[in-house]
Amino acid sequence: MTSFLAFLAALSFLQLLFFGPSLSAEKTVSPGLLTSDVTSRKTHSEDYCAMYDICGERSDGKVLNCPYGSPSVKPDELFSAKIQSLCPTISGNVCCTELQFETLRAQVQQAIPFLVGCPACLRNFLNLFCELSCSPKQSLFINVTSISEVSGNMTVDGIDYYISDTFGKGLYNSCKDVKFGTMNTRAIEFIGAGAKNFKEWFDFLGEKAALGFPGSPYAIDFKLTVPESSNMELMNMSVYSCADTSLGCSCGDCPSSPACSNSELPPHKKEQCSIKILSIEIKCIDVSVAIMYILLVFAFFVWGLFYRKRERRRAGSTKEPLLSAIDDDDINPVNLQKDESFARKGHEVDLQVTEEVELSFIQEYMSSFFRRYGIWVSRNPTLVLFSSVGIVLILCIGLVRFQVETRPEKLWVGPGSKAAEEKQFFDRHLAPFYRIEQLIIATVPDSKHGESPSIVTDDNIQLLFDIQDKVDGIRANYSGSAVALTEICLKPIGQDCATQSILQYFKMDPENFDIYGGVVHAEYCFQHYSSAETCLSAFQAPLDPSTALGGFSGNNYSEASAFVVTYPVNNAVDDVGNENGKALAWEKAFIQLAKDELLPMVLSRNLTLSFSAESSIEEELKRESTADVITIIVSYLVMFLYISLTLGDAPQISSLYLSSKVLLGLSGVLLVMLSVLGSVGFFSAVGVKSTLIIMEVIPFLVLAVGVDNMCILVHAVKRQSPELPLERRISNALVEVGPSITLASLSEVLAFAVGSFIPMPACRVFSMFAALAVLLDFFLQVTAFVALIYFDFLRAEDGRVDCFPCIKVSSSFVESTEGIYHGRTGLLARYMKEVHARILDSWVVKMVIVAIFVGFTWASIALCSRIETGLEQQIVLPRDSYLQGYFNSISEYLRVGPPLYFVVKDYNYSSESRHTNQLCSISQCESNSLLNEISRASLTPESSYIAKPAASWLDDFLVWISPEAFGCCRKFLNASYCPPDDQPPCCSPDDGPCGLGGVCKDCTTCFRHSDLIDDRPSTAQFREKLPWFLNALPSADCAKGGHGAYTNSVDLNGYGNGIIRASEFRTYHTPLNKQGDYVNSMRAAREFSSKMSDSLKMDIFPYSVFYIFFEQYLDIWRIALINIAIALGAIFLVCLLITSSLWSSAILMLVLAMIVVDLMGVMAILDIQLNAVSVVNLIMSIGIAVEFCVHITHAYLVNHGDRNQRAKKALTKVGPSVFSGITLTKLVGVIVLRFSRSEIFVVYYFQMYLALVVIGFLHGLVFLPVVLSMFGPLKRLTNFEIQEVESSSSSS
């Protein structure tokens, strides 16, 4: 929230610092020299005045004291009582007239609202003025050093004010921490220009103000020592500490108070443990992981050495080589043990033998089912094809209800979100956060030094006026009417928009630029924005330069390298009154203007322009949906071409038109698309809206997953003996790979379905759609695609041309080609058997492989701590989006963080309740009150992420009704509200300067001290005066008026029963530049609120506009780990159920877990953040990784022999299919995504999927066979028979 919500600092506040009373008059002032007559009359003694009465005025109305010394005067009893009420330390004679005192009193009332919350500071501050103006000892510490002549009278032009160092330090220390809540800052920023010590403060107070500018009308030189030869002395009044119990201040205004010493400061960020080795600093967790890994590897190698020796002694010289390439695939294990020589015979002739291996009941049932089912499908292919496709087509009917969700809050925020509920409460009871339209104009960094020059120049400000003129000229078309900015903008007070721009220092009027003094005036306002009347905005509020400038350090606003122009626009909760409709139309025209006119205008001045509207993100996300259509289509085409090639036999020009599988591949792709449409249709029918990411990613994902099973099915059929009937070959193929396909598909469906537990709607819906699409794809693969395989092989055997089955070649040519290919072993199959298996045969290689893979997993565990949470906005948007530059500019230039509200529910303001003192932060409030704790937390912004004390309507209300603030809460004789003297009807701007008389002369303060209970209003008083306060306009006489600053801070609905249902206290977060900053700031605010709620027994929650989008990251790690664990557990149970092998299921789960951990390690290396998208990817990676592992594991279980032999057979049999059908298929499709225009595709789909493919391939074809050969379950025998032909392994 920017400064327009911080209404209003006092108008011309520094006029109270004139150190002499002021009257309003316009006369010419001409400087003069100090005359000898005046010098001769100077006397420095007690009861003697250095200045008395008023002798003139400057042309700007500031009065000047008479420089003549005179004895002090004894006031009458009434005048003395008035002086005592303001200056209790002055008794007896005085050095001021009654007119001087009344004027002083009227001006001091401007300071009281700023300081009354800390009585000690206020008393010290008033003593400084009282002693200067009325002390009878005035001449002892005041010395007139120069005079000037005004209308023939001599007036004071400069003085020396001798003050003790003790009083100066005490005054500053008592006031330095006093808050001015309305502006979320310290009062010293207003009354001392942010002075860092009392000397700087006195220098500021004593500077002589130029004509028309606020400040002292004469120079004040504060001196800490007196001349030795003079009779003067230092003014050394007793100074009150802010910790003084009699004038105690709150902990927020006086952190050094003993009463506050028990309150703990917010903890600093804990430094991470690290160890320095030479010049390298290493985290302790990394060192611990490295040590554990070394010990683990050492133990593993020791075990391997002894295990190998024991195996050699046991087996002797007759032991089979590990993972040897000997062709024993078709030999019965019992016969193999009896006849070793037979195991070494060549297999030139196709043999069919019976293998006896133990299968689980489920495996046995599935094998039996697939055997019968394969024959049935082969005999009824047409029925199966059309019925299965028909079922899915019925689901597609739901597409008539297809809708796409594009609203960000509906995509990324769950319905049960705590942040969503808090936002809804805030919007309903207080006010919805306004819409933001923004321009950022910045200078270009210097090419030599890389530094950006200042943007605060005459030419650039004139350019800003030109830009503003064009923005004001926007007329957007909405339902036939023209919409201008003035119709939709936020207007806190009056009819002027609360635009945040340095043009406000010129009242948004270009004619004022030269009149006010151009850049010099702007630079003056940077330091006096809260105090100078000429610096007030057009909407009559101070404009904090940190909200309108960017790219500066500290408070060096003149060095700013960017203008930040913000247009706050009214927002509606539920589009009430079409307000948002008008705003959307204007925003569209605003963005178009920025692109077409403002951008060329700014670039021509060698500046940069970034811009954004409230609706920009949603519009750019819509545009992103079409940004990568070509990339996605190319990816599908590449995968289709590869499928067509890999499904066919080894390419031969002479028989390509017979052996190719283009038509089969195209049919498979169409089935994948049909499964996606069926999934979308089903969920559309039940009312679930789709998302753009579903339409872009799920077809690719399902195609990548579905192709695997297509390749495995086709290769399994091709491995069968050609001498068998086609229906028998299909039946055997389903028996061979059906269980593993079923296992893989169920695992994938479960893994994807687990993603539906993620609270983020976009990712939950994505997971639901993907799970059903994979399930439908599996259904179509084992039905329609099996039927299509039957038709395709029938076509080839009948000599019909692929893609043109009506064309038939001669039967003699078909017979000649059949003999060639059925007897050949594929190149990939030979590589797996003769090269890959031989490399893995060595025991040393196995040990090294295990050590390397475990080492990378161990390193990935350490790297996981480096993964940051969040989702950078730039990644979500198209690369050519204008918002890319805008978000970069936000991070680079903005120096103010998002507004932060602490919302209090059910505040009981009755006098019987402690709630008031538990919330406020002025005198007599509890030391651990909410506002005191917020103020204390702002002292450690690096951990609390709270930049400033909170703007408190409650503090300002209590000050406003305080009897000391006699210019604020006032009433007429009829008990109705009376405004301050400088507001209508007490004062009319058209009637000239305001006097002390008029219609408000009989107004009195609302309360006397005796009317209050411990300076707190009763329940009835609170109820009556709160609406007065919220409607009171702030002004110079009372800066604490609540209208504007707190208009929407309190929900007055039903407050008459003593309970305020909702109220907010506003502060700011520190500047947040990274996603981690947003997450950590939200976490810190929630922890703070939770602590305060528990301590005060009140319902308090924090709210900021970005919380609703970042809540998911507070526990994203917990969500990720839980869902990964559920997915792994589900797959483990499915594997255990189907295989009945606890050990093989555990090995499979271990490998899958290693793949996920390694993928997270790659995420850390590539700086990929953890968010809902990456969590879904991690969960889906488990399902995809199953493809790499489950087929190898299943083949290992159903083969005979010892561990090495079974691992070798599994690798030889399904390894080629895993490599060509799974690895390469995914690889070619993923690589195309590298050329996507959307960064989210490149980061979260290209990089993560590519890493998954590589990691999955290495674990599935390297690590898993080694683990199975070393630790796999032992063979077991049964009477179940499986028909197998060795020579048919020539596939691939």
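If you go along the chain as it appears here, the first residue is 1 and each next one adds 1.
Here the Cβ of each residue, glycine as well, is placed from N, Cα and C on the backbone.
Sequence annotations record features per position, and here TrEMBL assigns signal peptide to 1-24.
The transmembrane segment feature in TrEMBL is assigned to 287-307 (among others). Tertiary proximity for the transmembrane segment (287-307) is limited to same-chain residues at least six positions away from its ends with a CB under 8 Å from its CB atoms, namely 275, 843, 847, 850-851, 854-855, 858-859, 861-862.
Annotated transmembrane segment per TrEMBL: 381-400 (among others), in sequence order.
The domain 'SSD' feature in TrEMBL is assigned to 628-791.
Summarising the annotation, TrEMBL assigns transmembrane segment to 629-650 (among others).
Taken from TrEMBL, the feature transmembrane segment applies to 662-686 (among others).
Summarising the annotation, TrEMBL assigns transmembrane segment to 692-717 (among others).
Sequence-distant contacts of the transmembrane segment (737-759) (same chain, at least 6 residues past either end, Cβ-Cβ under 8 Å): 363, 366-367, 369-370, 374, 414, 416-417, 705, 708-709, 712-713, 716, 766-768, 770-771, 774-775, 777-778, 781-782, 1112, 1119, 1122-1123, 1126-1127, 1130-1131, 1134-1135, 1138-1139, 1172, 1175-1176, 1179-1180, 1182-1184, 1186-1187, 1190-1191, 1194-1195, 1214. Annotation source TrEMBL lists transmembrane segment at 737-759 (among others).
Marked as transmembrane segment by TrEMBL: 765-791 (among others).
With a cut-off of 8 Å between Cβ atoms, the residues of this chain six or more beyond the transmembrane segment (843-863) that come close are 283, 285-286, 289-290, 292-293, 296-297, 300-301, 304, 308, 322, 1154, 1157-1158, 1160-1162, 1164-1165, 1258-1259, 1262-1263, 1266-1267, 1269-1270. Under the heading transmembrane segment, TrEMBL lists 843-863 (among others).
Same-chain neighbours of the transmembrane segment (1116-1139): 360, 362-363, 366, 739, 742-743, 746-747, 750-751, 754-755, 757-759, 869, 1145-1146, 1148-1149, 1152-1153, 1156, 1170-1172, 1175, 1178-1179, 1182-1183, 1186, 1190, 1193-1194, 1197, counting only residues six or more beyond its ends whose CB sits under 8 Å from a CB of the stretch. The annotation transmembrane segment is assigned in TrEMBL to 1116-1139 (among others).
Marked as transmembrane segment by TrEMBL: 1146-1166 (among others).
What TrEMBL records for 1178-1197 (among others) is transmembrane segment.
Annotation source TrEMBL lists transmembrane segment at 1218-1236 (among others). Tertiary neighbourhood of the transmembrane segment (1218-1236): same-chain residues 628, 631, 634-636, 638-639, 642-643, 646, 700, 703-704, 707-708, 710-712, 715, 828, 832, 1184, 1187-1188, 1191-1192, 1242, 1245-1246, 1249-1250, 1253, 1256-1257, 1260-1261, 1292, selected by CB-CB distance under 8 Å and a gap of 6+ residues from either end.
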Surrounding residues of the transmembrane segment (381-400) on its own chain - C-beta under 8 Å, 6+ positions past either end: 671, 674-675, 677-686, 776, 779-780, 783-784, 786-788, 790-791
Contact set, same chain, for the transmembrane segment (1146-1166): CB under 8 Å, 6 or more residues outside the stretch: 853, 856-857, 859-861, 863-864, 866-867, 1124, 1128, 1131-1132, 1135, 1174, 1178, 1181-1182, 1185-1186, 1188-1190, 1193, 1243, 1247-1248, 1251-1252, 1255-1256, 1259-1260, 1263-1264, 1267-1268, 1271-1272
Residues from the same chain, set at least six apart from the ends of the transmembrane segment (1178-1197), whose C-beta lies under 8 A from its own: 357, 359, 363, 701, 704-705, 708, 712, 737, 739-740, 743-744, 747-752, 754-755, 767, 770, 774, 1120, 1123-1124, 1127-1128, 1131, 1135, 1139, 1141, 1144, 1147-1148, 1151-1152, 1155-1156, 1159-1160, 1206-1207, 1209-1211, 1213-1215, 1217-1218, 1222-1223, 1226, 1248, 1252, 1255-1257, 1259-1261, 1264-1265, 1268, 1272-1273
Arithmetic mean of per-residue pLDDT over the domain 'SSD' (628-791): 81
